[in-house]
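A.B. asks: Below: one structure in structure tokens.
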Amino acid sequence: MSTVFPEDSVGLVVPQTARFDEPLALACGRSLASYELVYETYGTLNASASNAVLICHALSGHHHAAGYHAATDRKPGWWDSCIGPGKPIDTNRFFVVSLNNLGGCNGSTGPSSVNPATGKPYGAEFPVLTVEDWVHSQARLADRLGIQQWAAIVGGSLGGMQALQWTMTYPERVRHCVDIASAPKLSAQNIAFNEVARQAILTDPEFHGGSFQDQGVIPKRGLMLARMVGHITYLSDDSMGEKFGRELKSDKLNYDFHSVEFQVESYLRYQGEEFSGRFDANTYLLMTKALDYFDPAATHGGDLAATLAHVKADYCIMSFTTDWRFSPARSREIVDALMAARKNVCYLEIDSPYGHDAFLIPTPRYMQGFSNYMNRIAI
């Protein structure tokens, strides 16, 4: 019996792997002699290869952005609400590419991959990466797919930083940049949150200096704590209050330090437990450092407008009112710099109670604004 997927789903998708044997020079001064990128595509590339859209993922994201890998999958890809027939990124119009970034832990070459020089996992020996390193690796994937110029590059959070970096590093190769819930650089507070998360991992006795795979263990406790800290910053006070309030798991207090008493405690522990079973600790360290290091305006003395002076793309910048991790003020910094540089930009600030995670939640105004912009650029 055939499985019936929703009409607006891309249906079953099969991940693909691209191998690159040309060395990739990295910002840290090291290089990778070879590497692999896992990716998925949705829709059809037109004859002129002018309808391609690149999806850049956030910290814990991956290549599986839409559709299903098997009929038995409980959930579709992480951005299925935005990718598919009739959705904002309409696969009847666009050819969509979504990849797992270099350094990831979902098939692309990363710390958990085998280092061909040693026959063991890279672990902590995997080089530190930057957003621009990812962009260079993504450009090679575009070359492999025969895509000279992207109709649009779209990303939320860390993905938005990649989209912005693309327009600066390869200005002729991007027509539109859709940057959602992002920032031109991290604030001191954001760097601090990342450092707390890293210390949770680094001080876990099971981390073993990053060589935990050799020991047959994982730093589960550290990963759990890192995820719990991060997850709090992705939500808003309003959404947490609405979802959990001060509700107890049972009808009484236990007056101890070990019981899970509040519903919000139970939720955070569940999120941490689930995350620690599927994500690599070294990848988490890499991703947070890439976030911390992102500061493209540093090359122009902190002047973002000067940094953007040479870009060719048009921009759509979106933010959410209760996002305190990357607040609307941070998005407006990008908008102001683009206007000062006399670039085409539209800005949508969306009233949403969901905090930073709002870019993943298909609220009506968000979907309408997103669709309106993508409809304007469809070939």
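Cβ from N, Cα, C; glycine included.
Values in this document were obtained by computation on a predicted structure and should not be read as measured data.
Look at Swiss-Prot and you will find Ser157 tagged as active site, nucleophile. Here Swiss-Prot flags Asp323, His356 as active site. For Arg227, Asp357, the entry in Swiss-Prot reads substrate binding site. Among the features that Swiss-Prot reports, domain 'AB hydrolase-1' is placed at 51-360. Residues or ranges marked as site 'Important for acyl-CoA specificity' in Swiss-Prot (evidence: sequence analysis): Arg325.
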A.B. asks: Below 8 Å Cβ to Cβ and six or more residues apart, same chain only. Which residues does that give for Ser157 (active site, nucleophile)?
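C.D. replies: In sequence order, the residues whose Cβ lies under 8 Å from that of Ser157 (active site, nucleophile) (at least 6 apart) are Ala58, Leu59, Ile180, Ala181, Ser182, Arg325, Phe326, His356, Phe359.
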A.B. asks: Here the recorded positions are Asp323, Asp357; which one has the lowest number of other Cβ atoms no more than 10 Å from its Cβ?
C.D. replies: Asp357
A.B. asks: Please list residues from the chain of Arg227 (substrate binding site) whose Cβ is under 8 angstroms from its Cβ, counting only those at least six apart in sequence.
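C.D. replies: Spatial neighbours, sequence-distant, of Arg227 (substrate binding site): Ala197, Gln271, Gly272, Phe275, Ser276, Phe279.
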A.B. asks: What whole-number Å value do you get for the CA-CA distance of Asp323 (active site) and Asp357 (substrate binding site)?
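C.D. replies: Taking the Cα atoms only, Asp323 (active site) lies 8 Å from Asp357 (substrate binding site).
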A.B. asks: Check the domain 'AB hydrolase-1' (51-360) for me and report the mean pLDDT.
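C.D. replies: Value for the domain 'AB hydrolase-1' (51-360), mean pLDDT as a whole number: 97.
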A.B. asks: Please classify the secondary structure at His356 (active site) using three-state DSSP.
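C.D. replies: Looking at the DSSP assignment, His356 (active site) belongs to a helix.
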A.B. asks: By the DSSP assignment reduced to helix, strand and coil, which category contains Arg227 (substrate binding site)?
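C.D. replies: For Arg227 (substrate binding site) - judged by DSSP and reduced to three states - the answer is helix.
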